[in-house]
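According to Swiss-Prot, the protein has these features:
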type	residues	note
ACT_SITE	Asp15	active site, nucleophile
BINDING	Asp15, Ala17, Asp189	Mg(2+) binding site
ACT_SITE	Lys56	active site, schiff-base intermediate with substrate
Amino acid sequence: MNYNQPATLQAAILDWAGTVVDFGSFAPTQIFVEAFAEFGVQVSLEEARGPMGMGKWDHIRTLCDIPAIAERYRAVFGRLPSDDDVTAIYERFMPLQIEKIAEHSALIPGALQAIAELRGMGLKIGSCSGYPAVVMEKVVALAETNGYVADHVVATDEVPNGRPWPAQALANVIALGIDDVAACVKVDDTWPGILEGRRAGMWTVALTCSGNALGLTYEQYKALPAAELERERTRIEQMFEGSRPHYLIETIAELPAVVRDINARLARGEMPQGN
């Protein structure tokens, strides 16, 4: 039996916050700030956004490893934060996140139309998130009331290793019955999510304006002067360089055009691993 590379995409694997819901990815960011504050440790929104895309325990561990934050913790507790301390912050983070997730549950403008267009091209819709399953249950239910239902959902605690490991993306491949990772495109607003897709052998699309990197509401994004938006796009594109996305677009609304381009490249014999 011979290997035949895929002729078209079979699935899009979409992130959630900052990709399909919660323009600006505010739900997790603000809660990190509040969770640390309950322990008397100040963390800025900008600092909290840094590791976005990782599982939430790993995100907190990464924040605690930042020297400035570690020193703030030491000033309060007389020691550097241990894994047990990270777990204590995480256990405070979780109920806050569940309580407030609905405040940032709106679908990103253009998402439903783009996803419908992908389905019309024959793609299945997988999804994964840095949220654990207990939070994803609520996120999924809220999205369903707004008209979005993915074909499969993988939470960060449903695999041995979250992003930037490829496990969540690959779990979607298995569950959706996709026969080749090169027939998948991973879409995300964070570098760990792009690395996840890259390591899974997929096409990758980074979102520059709807998520964590820009960190603005939709209204603020639309109101940005053209010159400032261009500067921000340049900054964000540089941030993504290390993870090597195949495409960079502003929001999911532009995704159908990218899928058509990937299909054309597959038809020419191109593969994601070779680019």
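Each residue, glycine too, has its Cβ placed from N, Cα and C.
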How many neighbouring Cβ atoms, not counting its own, are there within 10 Å of the Cβ of the residue listed as 'active site, nucleophile'?
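The residue listed as 'active site, nucleophile' is surrounded by 30 other Cβ atoms within 10 Å.
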Determine which residues of this chain, when Asp15, Ala17, Asp189 are set aside, have a Cβ within 8 Å of the centroid of the Mg(2+) site's Cβ atoms, and list them as they appear in the sequence.
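These residues sit around the Mg(2+) site: Trp16, Gly18, Thr19, Val20, Asp22, Ser25, Gly53, Ser129, Asp188, Thr190, Gly193, Leu207, Ser210, Gly211, Asn212.
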Can you check which residues sit near Lys56 (active site, schiff-base intermediate with substrate), meaning Cβ under 8 Å from its Cβ, same chain, 6 or more apart in sequence, and list them in order?
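Same-chain residues close to Lys56 (active site, schiff-base intermediate with substrate) (Cβ under 8 Å, separated by 6 or more) are Pro28, Tyr90, Phe93, Met94, Gln97, Gly130, Tyr131, Pro132, Thr156.
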I'm trying to understand the geometry here, so how far is the Cα atom of Asp189 (Mg(2+) binding site) from the Cα atom of Asp15 (active site, nucleophile), in Å to the nearest whole number?
8
When a 10 Å sphere is centred on the Cβ of Asp189 (Mg(2+) binding site), how many other Cβ atoms does it contain?
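I get 33 for this one.
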